[in-house]
Amino acid sequence: MFSLNRSAFLNNPASISGSFPDKHRRILPTRVVVAGSSNRDKSNGSLLMATDESTATLKEMRDGYAEVVDPKSGVSGGVQDVYGEDTATEDQPVTPWSVSVASGYSLLRDPHHNKGLAFSEKERNSHYLRGLLPPTVISQELQVKKMLHNIRQYQVPLQKYMAMMDLQERNQKLFYKLLIDNVEELLPIVYTPTVGEACQKYGSIYSRPQGVFISLKDKGKVLEVLRNWPEKNIQVIVVTDGERILGLGDLGCHGMGIPVGKLSLYTALGGIRPSACLPVTIDVGTNNEKLLDDEFYIGLRQKRAIGQEYAELLHEFMTAVKQNYGERILIQFEDFANHNAFDLLEKYGTTHLVFNDDIQGTASVVLAGLISAMKFLGGSLADQRFLFLGAGEAGTGIAELIALEISKQTNMPLEETRKKIWLVDSKGLIVSSRLESLQHFKKPWAHEHEPVKELVDAVNAIKPTILIGTSGQGRTFTKEVVEAMASLNEKPIIFSLSNPTSQSECTAEEAYTWSQGRAIFASGSPFDPFEYGDNVFVPGQANNAYIFPGLGLGLIMSGAIRVHDDMLLAAAEALAGQVTQENFDKGLLYPPFKNIRKISAHIANQHGG
């Protein structure tokens, strides 16, 4: 066994205790190597840790270990290059702090490989854990049972969130097993709606780095910053600048909770390795005065950078990502403000594998719900009239994908199918007389009609069959609006999509009650089943998690280098195809979340098969 004092290693290579041939006493970058046979039951593994030399590379490091370590070792954290992580970057210098020691006491502090009390007796001997754990060995299944029991003791959702994050930071295997096995119960905890509150209080609950923070202070050094992240074989990045977190507005650096949560779902729901996922927050400041005055705020204390300064930092990031991880790295933009979201997607959509979940993921999952509704109600999308409250990135993204799907089904020109879709923003119905003052992404939806200010008046004027809310404004689908929809339609379709729950345009109870139980309802945040008359309605949740893990997995599997609209349409159609008559009879427009991993695999197969 060797000394684990890092300073001793860095300052005195000879301090490593243990008998090795002199030719192996070379100065190498810090790297964890577990020596032992591939048969764990017979192995008596030991750890090697070497020291830093500025010119050392992964290739040199691996060559230095070649005669000491069994190259066939299957132990996690060993030298077996299963994913090509080392060979892909073997000539690049490695930072000495990039990998922590994974043996003995340090192994129990390594969330990637720690199994807690699930380590077997032989593993405890092999990895120098004897005496560092209580003597009992319990299965992962029993650990899951215990953790679920503990989490259920908390009454406050944020406490449950913090318990889950704490588990993720000490035992990733158990975290993902717990989440996968109890996805319907825990998804609202690790993601919406609870993640919104977590972001609001992120400075107070922050304990250890979960991703990479890139700030204006790092301008000119972004590639260097990315290389500080210990994992080298990254396949998907979720990045935010924190300016429009859910419906909560500008949360600046505290927006990191969103990429962390999204990537947890990439693993739990899509099966992508945790080590292949990288959360990133771009910190250019915040305009949130409350945060700037908050002593616990962890970001830059300045107003948001805009214009050229902002664009240059983002461009350096996008360039560095491709340089460091290659052409096939998937970059998911998350919770950027409207003006930046559309610009970034347009600018980098032709040069990078990029995907905006707020524009494209939301659109795909909502389209899936509408296709599902048509399948059971009869008729086609081309027969419907759509009215949106909200004309930002989510609203216009959904509208465009609906128009594309109708065009695909009918061969009508896209300009014609857009005329079936109307949008209301903060100034009222978007009409042609407002064309000159509209932002560019709203202009395709400016149709001929007299101005209408109020939503209820727009409902009565347009007579929509489908009402969709993406406004970020709670309780804007009033009783008058829902009753108007019910008076126009036998089965009004109402999607209240804004997150978190407090920002939802209406609740499930309101939609069912005000429509006398006739509404086909879906929401962005989860609502409990609601009993009306003799029926129990189970509200559908148009959660992006139905789409992005499977879509991302398919993009990675297929080796795609660009995201195209037909991929989003295929994902929506694949998801809608998973809904059964039994699901619909309960009020569901989406399949049960308990089947999400199979659903994700089915969606991925549309791209990667």
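Cβ coordinates come from backbone N, Cα and C, glycine included.
Where the annotation comes from TrEMBL, it is an automatic prediction and has not been curated.
Residues annotated as domain 'Malic enzyme N-terminal' in TrEMBL: 168-349.
Using a 10 Å Cβ-Cβ cutoff, TYR191 (active site, proton donor) registers 24 neighbours. Marked as active site, proton donor by TrEMBL: TYR191.
Annotation source TrEMBL lists (S)-malate binding site at ARG244, ASN499, ASN543. For ASN543 ((S)-malate binding site), the Cβ neighbour count at a 10 Å cut-off comes to 26, with all displayed protein chains included.
Sequence annotations record features per position, and here TrEMBL assigns active site, proton acceptor to LYS262.
If you look up TrEMBL, you'll see GLU334, ASP335, ASP358 marked as divalent metal cation binding site. Its Cβ placed at the centre, ASP335 (divalent metal cation binding site) has 26 other Cβ atoms within 10 Å.
Cα spacing between TYR191 (active site, proton donor) and ASP335 (divalent metal cation binding site): 14 Å, rounded to the nearest whole number. One residue stands out among the recorded positions ARG244, LYS262 for having the most other Cβ atoms within 10 Å of its Cβ: LYS262.
A straight line from the CA of ASP358 (divalent metal cation binding site) to the CA of ASN499 ((S)-malate binding site) spans 11 Å. Take the mean position of the Cβ atoms of GLU334, ASP335, ASP358, the recorded divalent metal cation site; other residues of that chain with a Cβ within 8 Å of it are THR240, ARG244, ILE245, ILE258, PHE333, PHE336, ALA341, ASN356, ASP357. Looking only at the recorded positions LYS262, GLU334, ASP335, the one with its C-alpha closest to ARG244 ((S)-malate binding site) is ASP335. Taken together, the residues in the domain 'Malic enzyme N-terminal' (168-349) have a mean pLDDT of 95 on the 0 to 100 scale.
Cα of ASN543 ((S)-malate binding site) to Cα of LYS262 (active site, proton acceptor): a distance of 12 Å.
Considering only the binding-site residues GLU334, ASP335, ASN499, the residues lying within 10 A of LYS262 (active site, proton acceptor) on a C-alpha to C-alpha basis are GLU334.
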